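Here's the structure we're looking at; comments come further down.
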Amino acid sequence: MALRGLAGSGPGSRGPLDEAVAADKEREAAAVVVAGATPEDDEEDEGRSRGLLRWDGFSAWLHCVCVVGFDLELGQAVEVIYPQHSKLTDKEKTNICYLSFPDSNSGCLGDTQFCFRFRQSSGRRVSLHCLLDQFDKDLPVYLKKDPAYFYGYVYFRQVRDKTLKRGYFQKSLVLISKLPYIHFFHTVLKQIAPEYFEKNEPYLEAACNDVDRWPAPVPGKTLYLPIMGIVMKVRIPTCHDKPGTTQIVQLTQQGDAHISVILPTVHEVDLFRCFCPVFLHSQMLWELVLLGEPLVVMAPSPSESSETVLALVNCISPLKYFSDFRPYFTIHDSEFKEYTTRTQAPPSVILGVTNPFFAKTLQHWPHIIRIGDLKPAGEIPKQVKVKKLKNLKTLDSKPGVYTSYKPYLNRDEDIIKQLQKGIQQKRPSEAQSVILRRYFLELTQSFIIPLERYVASLMPLQKSISPWKSPPQLRQFLPEEFMKTLEKTGPQLTSRIKGDWIGLYRHFLKSPNFDGWFKTRRKEMTQKLEALHLEALCEEDLLLWTQKHTEVETVDLVLKLKNKLEKARGRPKPLLLLPIASATTAMGLTISSLFSRLFGKKQMRILMVGLDAAGKTTILYKLKLGEIVTTIPTIGFNVETVEYKNICFTVWDVGGQDKIRPLWRHYFQNTQGLIFVVDSNDRERIQEGAEELQKMLQEDELRDAVLLLFANKQDLPNAMAISEMTDKLGLQSLRNRTWYVQATCATQGTGLYEGLDWLSNELSKR
């Protein structure tokens, strides 16, 4: 059904939330109680209502779940992979098999939990939903996914069972994930593994279905995650959190009565428990990790091995450890030969091992930590000593730090006294960990601040950025120039520790950690320069420039500008602030104009607006791609070209939120057709839509634009009739304006092309 007449033109638009989302919101609110979540969960659950496929929710957290059993004839074997469509190469399966079982001779009776990390097979990369890649940008650098590695989180059970041959039940439940959320996944395993060993596959399938219903792992959000009858409350850190502060989720008196587990952290290990046997040497170990030195941890079990390796990697936070690390490493690992060869120097890697065989195989490594059983919280450990490597000869060598390394910095006696006092006073391990973590944080920050200050000085001055030249390059990092800055702005400004800081910096500049850190900073600074260059371009009169240059130069400029706009829209949020979005409007207008000048087909500039959640972006991409895409709210604009009946429509979809509507007027220039999208089901805001439409139609720049009104969401049962909408929008009162109302359902595509037919016919007459 459609109505037509004379008059109209209007503003407004919101994007990437399509009307399918709006329609689903009420159904999702009703489902919250059933899922065991709370209303706070709705925001994250939107992702699931926006077209996510079966197992997309699961894939946001896990790659797969494996059950590894011990066969008397075959040895370790993968018995179950769930979901069944999950892909693992034979090499990956073999690694999982051997890494999922303890290989030490200590004998692990009962239940054991540990973690391992293994390299993904070359030539294959696991693809995640594009939204999840966006989430990764908001994570602290040390929590970002490494596309080349998987984590394995293991719950191993070894108990006597007289019904089995050889009398033992030996099996592991393993979670395979890209996410380094050690504490979180160990907690999940504690909840599901014991029950799984009793109830087998039906229970595992039910648990995986629960995970598939979880909201996406959005950094900074409080998440409610139901799993097999309990609800976990967690928060994933963001890169905007202040270093050293843990945003602990609190149990509120109202609404949290159903919460079973509250996790203060998703990734941190008990730092003090791991460092307890060696805390006298914690500063030396910090140096070894910072410098990326080859390091082996020899422990009696995979639990001690993996926890200690992860604690070492964590001790230089917020700096990321850029080298490889293996919390648990076996002689069956596919990289065994690579890491144990004596023909070349040991690689920059931290290995956690339990097999006594490694005492001899890795004897040539420069730094070895040998630890005994980690003591329960509250027990005073026996402190190990620093020993010469030549003393590590036998399998029964005593615990100790075996190295010839001489620390650059003097030992901080204050932290040692503080921790010793805590042990004597039976201070809880958690409190000791807070003290030790703060100490490591302050030490790392004192070290990295001079580097940050110097690297910031490599940025060109903003006045050197010219819109008509390529963005200026960063100055080169000159080690000696940096060293000269340390005299006045070195770590002595923030740290009381004395020693050879210069020597430590010289060593660090040759390490993989510096290489990784500097590449990351250089990339961020280059993006900042690109953004500043884009702003400079936006402030220029590009049409005036084209009048003074040849057509070839103009085409080259158009292509470069289009590429810059696409890059800017794909950047992290800090570079997509509204000022830039509005500034690029002028450039967008210019590009549209230049394209119509330079290329064939009749070019038409269409502006599509409407209130937020009306379905504008869904309509745009249904016309462009012929399919429904998952969208997010438009901040700024989307622009696409839609070809129909030999007419090339350049359609600008502009966000419709209250704060964005004042920017609509920037898009009015040269608009030939106005599409105003209205949510037919939104009776509460139809008057607001009418006011915005009438306000736009008063604009002089839109006086010649034809008006097409899409009455969207006509498939919903309470949708207003076309005649009712025409009356409430005041279309009949419009004078000297060609208008047309088309009933549509964007999710089905109904009515969209009929509307374009009318639009193309009207514009062709002009």
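Glycine residues also receive a Cβ, built from the backbone N, Cα and C atoms like all the rest.
Just so it is clear, the model here is predicted, and its values are computed rather than measured.
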Given ranges 1-20, 81-100, 101-120, 121-140, the stretch to which TrEMBL attaches the annotation region 'Disordered':
1-20
For Gly610 (GTP binding site) and Thr617 (Mg(2+) binding site), determine the Cα separation and express it in whole Å.
11
What is the interatomic distance between the Cα atoms of Lys713 (GTP binding site) and Thr617 (Mg(2+) binding site), given in whole Å?
13
Around the Cβ of Asp612 (GTP binding site), how many other Cβ atoms lie within 10 Å? Please give the count over every shown protein chain.
21
